[in-house]
Each structure stands twice: as structure tokens, then as C-alpha cells.
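Reviewing the structure listed below.
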Number of protein chains: 2
Amino acid sequence: MERITVQVNKPYDIVIGKNLIDNAVKYLSQFIQKRKVLIITEDNVNKHGYLDKLKYSLENHCENIEFLSLPPGEAQKNLKNVELIIRYLADAHFTRDDVLIALGGGVIGDLVGFTASIYLRGIAYIQVPTTFLAAIDSSVGGKTAVDITQGKNLVGAFHHPVCVLCDTSTFQSLPTDIFEDGCSELIKYAMIMNPKLLKELIEREQPLNKESSDLPEIIYECVKMKRDIVLKDEFDQGLRQLLNFGHTLGHALEQRSQYRISHGRGVAMGMAVFTKMAVTQQLIHKDIYTSLIQLLSEYHLLSEKPSYTSDQLINIMLNDKKRRTHQMTTVLPNEFGQCRLHVIDLNTFQQNFEKEWEQYEVHQRY
Amino acid sequence: MERITVQVNKPYDIVIGKNLIDNAVKYLSQFIQKRKVLIITEDNVNKHGYLDKLKYSLENHCENIEFLSLPPGEAQKNLKNVELIIRYLADAHFTRDDVLIALGGGVIGDLVGFTASIYLRGIAYIQVPTTFLAAIDSSVGGKTAVDITQGKNLVGAFHHPVCVLCDTSTFQSLPTDIFEDGCSELIKYAMIMNPKLLKELIEREQPLNKESSDLPEIIYECVKMKRDIVLKDEFDQGLRQLLNFGHTLGHALEQRSQYRISHGRGVAMGMAVFTKMAVTQQLIHKDIYTSLIQLLSEYHLLSEKPSYTSDQLINIMLNDKKRRTHQMTTVLPNEFGQCRLHVIDLNTFQQNFEKEWEQYEVHQRY
Ligand SMILES: NC(=O)c1ccc[n+]([C@@H]2O[C@H](COP(=O)([O-])OP(=O)(O)OC[C@H]3O[C@@H](n4cnc5c(N)ncnc54)[C@H](O)[C@@H]3O)[C@@H](O)[C@H]2O)c1
Ligand SMILES: NC(=O)c1ccc[n+]([C@@H]2O[C@H](COP(=O)([O-])OP(=O)(O)OC[C@H]3O[C@@H](n4cnc5c(N)ncnc54)[C@H](O)[C@@H]3O)[C@@H](O)[C@H]2O)c1
Ligand SMILES: [Zn+2]
Ligand SMILES: [Zn+2]
């Protein structure tokens, strides 16, 4: 079992290990005693029995415990569900002393975190991530959000949980492609600031998988990195942009494909193209690019190059930045296991990207 | 013109004076230059021409300026309007650099402040209060909220404006009873921590009215008090409860009367009953009560005693506190122009209140 403390205004712990849910009360009792608890989850998670286990462990230790299970999927991360949960809380007379538990992946985590942040101007919530991505990324950092038809994550808040309980046993029921999507973020962490982890991933005999016994240690490494970045830039005004490595293009690909390209696959292609860009600009040696491509391939993250033109993608990437500024910040590899923020002229970026995107297919064969 | 700075995380100024809107650009240019601006107001305010003046002063100094005018009234402070404004912002591609302006009373201020706090996890907003209550109370302190059917202010956030521009000329169109409601909060400030102001109010030749030339100074005094309390207790965990003087009973009266008793009148009766309670408990001399009653009468704030039983009111006041605790915090006068927080047993409170409420009619004749 690993434990890591996040020293924000109200410090909280992230506990990582196997079968933690069965003993949830051991880690959560201080947050639920004499309190009302509402667990919010979704049907894909629920059907594997995690909700039952969690309830069973907690039910004799809180004032009362209720649950709500939503349908699965990104489409549920919306304002309607925020309102639904809020009305539920108000009807059940939840006060500022009571607590929500988010049991699920990033969708449930973001939805519940945001709702907790606005009910009575903020009540406590606990994250119990059940996807690898939620474990290493969305459950850390305090960003919460929901989507509106105009775009993803356009409405949200900064609101830290009071505890994160990360039970890696829940990953066993994860579809493989969902687990791999999480690995894209893992590779991102290694690329932006962890040469040791990057080396380990490259040299591993077997790619990490949802049964790997060292999952808790790996999650611990990632969470520690994200924590350190977040602590230096809690409200997303600089350094935190490092975490966007691969994401500018990744988001554009997700959006353009109407989310047929998954987040993990989009980010993977983003990292590939931007790493190649760094090679072209002689920021790094070609070998780093070769290793990255190999790594991404092992995790089946490199999908076919889609037929979008570079113009189409640039339009999405620049959004309407051009209206107001001449520059943007890109994240580029700088060394093995290290990225840097580069402020770059919009026109230059456009030219560089065009060239890279056209050649991309060829280079993928490395 | 008065100016006061609130030293929160991102410090901001409150500017108070006459005809400020006509020169709004002078005070707001740094917040609007090269930015998109959305002014949100309501029809009662709009029809007096304040929106036109504000737009006229700002329009050549920002990237572009748009407005939205809602119907007036508390019922507009709801989640539907939050969503409406958010969709408007998203459609118009507002970014984190852009800004909202709340032009109106507490309803518009609370609604716009909350919306600004969650769009893109928080964008800037400016308060331009147009009621006396908004000037001295709701526009200061960073509390924002909207109502749901289950209750008032159940959904919200802490989000400070980047500037408050308080133009006392806008009060001239205020209905007298609305202005008087604001005076109830003024008297509250004087009672809780300002003997000098309380003395001035008592000795004034003419009651303060919406044309009084010393409005800016009075507002300055109140804002300074609220600022000082808020700075010591930004997230409402202690001292800020002083501001609730008269409000426990006030809220119960509002709720029980289905808001036929206004907030100001409810609070006035609340202050009267709780001050009488302090006399009974020999915390203060009877003269303080007499002066308060006189003052409240001058501002037409003492309505008829409604026929609710003390049990009915206690049930609302205690809500379901009894389920979980034996104590509550009350705010009681302690001296002329000074209140204190008293932690008191629920049963004792119930007995004290019962007695006071039964006798209340008699004492009103002071
Ligand atoms: N807040 C942040 O900082 C942050 C960071 C990254 C991503 N996100 C958000 O996270 C979301 C993506 O997270 P995600 O990938 O976890 O999505 P998700 O919650 O939709 O989970 C992915 C899929 O796995 C299923 N699932 C979840 N747990 C399972 C389990 N234990 N067994 C079987 N199936 C399970 C879900 O039903 C879903 O189909 C996005 O909405 C994204 O915006 C937020
Ligand atoms: N955020 C806080 O800290 C805080 C503190 C106190 C009250 N509040 C909230 O403030 C609200 C009450 O504020 P309010 O009394 O300003 O209510 P309001 O905004 O509804 O204004 C009161 C009335 O005056 C009208 N009006 C406003 N400005 C006018 C003008 N210049 N000329 C003519 N008519 C005008 C309005 O249309 C309305 O009918 C409540 O929702 C309350 O919850 C918030
Ligand atoms: Zn990501
Ligand atoms: Zn009030």
C-alpha cells in the first residue's frame, strides 16, 4: 500500500493499493462518522460489485448511506446530472458536514467533484477512482468539470477531495482499450519529467497491464509528479501546462473525429507528432522519438493517421487565439524524460505543424 | 468619491460615489481593454437607462460589448439562468480573459457572480450594485449563489469580483420600501460592531434616504466593516456569523410567510426580538432595545407581528439541527453597538425564544 499527501489548503491523502474497498472504513472512517454519505457511481462500475463492497464496509459507520447509479459514459457529465444530484442532496437535507463519494472513472469523478464544489458553496467529497486514467490523472489536482453542448469541461471549479482511495483491484474489470488509454497518460508523465520511469517503461519485459503487481508503485510515481506540478501551479496559470503534452493535437483529433478517436489515442498521436517536431528543431536526438513510437505501439495507442488536413486541425488547435494574440505555448521534449514550455509565434507554429503532419505517416513506420 | 481595497488573494477595489456609471471607463478600463464584455442586468434597472450609460462609457474601450436583460425578481436567481448565461458565453467564445458585469441588485449580483465562478472554472466579473442592499452587503464578501426549489442560496461559490463600482445615483429610482430594506442591514452593521455609526443613526435629524448626500460615506463605513469581518473569516467558519444578527429569525419569517415578509423586515423583527432577549438575559440595558425599536420604526421596518406560533418558527430556525447537535450559535447584543456570538443549548434557546416571542407585541410599543 502506498500513501501520498497533497499539501493544499486542506491537505488530503491519496491511498493506493489492492482490495482497499473491502476495507474502506479503515481509510475513510474519519470522513464519514456521524455523517450522511451519498455514493455516486455508474452502471458499468456497479455491475462488478464495487458499490456493494463499499457500502458494506461503510454502512455501520456513518449516519446513513445512500447511493445513486447513473448510466455510464461521457454524455452523463452534464449540468442536468449536477442538478439531479443537488436536488437529491437538498431533499435528503445534506448539510455542509456531509459527504459525497465518487465511485468510478474520470466521468463520475469530475461530475461529483463539481457538484460537491457548488452545493452549499462546497461540501466534502471522496474520490474512489476505478479506471487507470482516473487513478493517475483525473482524481488528482482538484480540477472538476462538466460538459455542455458547446464543448467539453466548459463549466467547472477547483475543488480538492478530502481523500482519494485508489483500489487497483477495480481495474481488473476494465476493458483493455480503456486501460491502454490510461497508459497514454502514464507515458506522458514519463516523457515530461521522469527519465527513470521512461527508461523503466521502455525496458520492461511485459507491458504494464491491469493485472500487473506493480500497479500501485506506478500510480504512486505518477500521482507524486502530478501533485508536485499542481502544488506549484494550483490554478493552472503556467507550469501545469506541461501536463498538456500531446493534448493540443490530441483534443483537436478527439473533437474533429467527434470523439471516435479516444482521448488516450489522440494524446498518443499528439505526443508522437510534437516529439517529431522537437527532433526536426534539433531539440532532441531522433532516438527519443523512436523509443516513444515503440512504447506507444506496445500499448496499441498508435491508430491510423486520420485524413484531416493540417488546416482543419490547426483551426481547432488555435480556436480563436488569432483574434487576440500572436503567440501560443507548446510543450516539447527537451531531453530524454523532460519537456519544456515554448512560447512560439502562431505563424511559425502553423508552418511547423503543417510540415510535421504531412510527413507523419512516413515517420510512424520507425 | 470613496475607495476601499479588499486584500483577498487577488485584491480588488470598491469605488463608491455619485454618477460613476457615466464615467465607468475611468474605473474599469484596465479590466475591459481588449476583452469581450457581457453586461447582465434586469428590466427594472434597464428601464432607468443605467445600462445605456454604462455601455456608452465602455463600448469604445473593449473588444466588444454585449448585454443580456433578464426579468426582475428573486425567482430569476436560478440554475436555468446560470445555464442560459453560460451557453451565451460559450457561443460567443468568451475565454478566461473576458469579463462579465453584474448591473443590478443582489439578485443579479449573486447570479452573475456564481456564473462567472464556474464558466471555464472561473472568469472575472465586475459588480455594479444598483440597490442600497447590494451596495452595503451582497456585493462585498465573495459569496455568490442561486436558489433551487428546495431553498434559497443552496447552490453557490466563493468568488470575488475584480472591482465593485457603486454609483449611488442609481438608488434614486429605487422604490422606498426596497431602500428601507437595505437600511435594515445598515442598522445591523451599526448594532454588531459600530457604536459610532449607531449613535449617528439615532441622532440624525432626518432618516437616511435615497437622496441623502452622505450615502457614499455611509456605504463606505458598512463596506469597511463587512470587509474586515470577511477578511478574518473568508470561508464562513466563525466570525462571519456576526453578520447573521437578526437573520435566524428573519429567515424563518421570510420562509414561513412565503416571502411576503421581505428580507429587511424579517431581519428587523429578528434584531428586535434578539435584542429584547439580550435585555432579558441582562446582557444589555433596556435603553439599547428602546433605541433600536425607535430606529427601526423610523425606517418603517417594524411590520405587524405575524400570527405564527413560536413552535412553528423554532422548527424552521433549528431546521434539523436537533438530529445531530445540542447546541447552536446565536448573535446577541452585548453593548451599545456591539454583538457577540453565544453558543447555546438548543433547549435553552427554545425556552428563551418562546417567552420572547409571546411577549413581543407588548414590547414593540416602546
Ligand atoms: N479532472 C481532471 O483533472 C481530469 C483529467 C483527465 C481527464 N479527466 C476527465 O476524465 C474523463 C475520462 O476518464 P475515464 O477514462 O476514467 O472515463 P470514464 O469514467 O468514462 O471510464 C471509462 C470507461 O470505463 C468504464 N469503467 C470505469 N471503471 C470501470 C471498472 N472498474 N470496470 C469496468 N468498467 C469501468 C466506464 O463505464 C467507461 O465506459 C473525461 O471526462 C475527462 O475530461 C479529468
Ligand atoms: N452574496 C451575498 O453576500 C448576499 C448578501 C445579502 C443578500 N444577498 C442576496 O441579494 C438578494 C437581494 O438583493 P436586493 O434587495 O438588491 O434584490 P433585487 O436585486 O431583487 O432588487 C430589489 C428590487 O429592486 C429593483 N431594482 C434594483 N435596482 C434598482 C434601481 N436602481 N432602480 C429601481 N429598481 C431597482 C429590482 O428589480 C427588485 O425589484 C437576495 O437574493 C439575497 O439572497 C446576497
Ligand atoms: Zn489527458
Ligand atoms: Zn441580510
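Including glycine, each Cβ sits where the backbone N, Cα and C put it.
Annotations in TrEMBL come from automatic prediction, not curation.
Listed in TrEMBL for this protein:
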type: BINDING; residues: A:GLY106, A:VAL107, A:ILE108, A:GLY109, A:ASP110, A:THR130, A:THR131, A:LYS143, A:LYS152; note: NAD(+) binding site
type: BINDING; residues: A:GLU185, A:HIS247, A:HIS263; note: Zn(2+) binding site
type: DOMAIN; residues: A:69-179; note: domain '3-dehydroquinate synthase N-terminal'
type: DOMAIN; residues: A:182-322; note: domain '3-dehydroquinate synthase C-terminal'
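In this structure the C-alpha atoms belonging to A:HIS247 (Zn(2+) binding site) and A:LYS152 (NAD(+) binding site) are separated by 14 Å.
The number of other CB atoms found within 10 A of the CB of A:ILE108 (NAD(+) binding site), across every protein chain shown, is 30.
Close to A:LYS152 (NAD(+) binding site) in the fold, though at least 6 residues off in sequence, lie A:GLU74, A:ALA145, each with a CB less than 8 Å from its CB. For A:GLY106 (NAD(+) binding site), the count of additional Cβ atoms within 10 Å of its Cβ stands at 23 [all protein chains shown]. For A:GLU185 (Zn(2+) binding site), the same-chain residues 6+ apart in sequence whose C-beta sits under 8 angstroms from its C-beta are A:LEU133, A:ILE136, A:ASP137, A:CYS222, A:GLY264, A:VAL267.
Look at A:ASP110 (NAD(+) binding site): DSSP puts it in a helix. Each residue in the domain '3-dehydroquinate synthase N-terminal' (A:69-179) has a pLDDT score, and their mean in this model is 97. With respect to their backbone Cα atoms, A:ILE108 (NAD(+) binding site) and A:HIS263 (Zn(2+) binding site) stand 16 Å from each other. For the NAD(+) site, whose binding residues are given in the record as A:GLY106, A:VAL107, A:ILE108, A:GLY109, A:ASP110, A:THR130, A:THR131, A:LYS143, A:LYS152, the maximum C-alpha distance rounds to 21 Å. The residues near the Zn(2+) site, meaning same-chain residues not in A:GLU185, A:HIS247, A:HIS263 whose C-beta sits within 8 angstroms of the mean position of the site's C-beta atoms, are A:LEU133, A:ASP137, A:SER184, A:LYS188, A:GLY246, A:GLY250, A:GLY264, A:GLY266, A:VAL267, in sequence order. Taking only the Cα positions, the spacing between A:THR131 (NAD(+) binding site) and A:HIS263 (Zn(2+) binding site) is 14 angstrom. Among the binding-site residues A:GLY106, A:THR131, A:GLU185, A:HIS247, the residues whose Cβ sits under 6 Å from any atom of ligand 1 are A:GLY106, A:THR131.
Shown in sequence order, A:LYS77, A:SER138, A:LYS143, A:THR144, A:ALA145, A:VAL146, A:ASN153, A:GLY156 are the residues of the chain, 6+ apart in sequence, with a C-beta less than 8 angstroms from the C-beta of A:ASP110 (NAD(+) binding site). Sequence-distant contacts (6 or more apart, same chain, Cβ under 8 Å) of A:HIS263 (Zn(2+) binding site) comprise A:LEU133, A:ASP181, A:SER184, A:GLY250, A:GLU254. Mapped onto three states, the DSSP output places A:HIS247 (Zn(2+) binding site) in helix.
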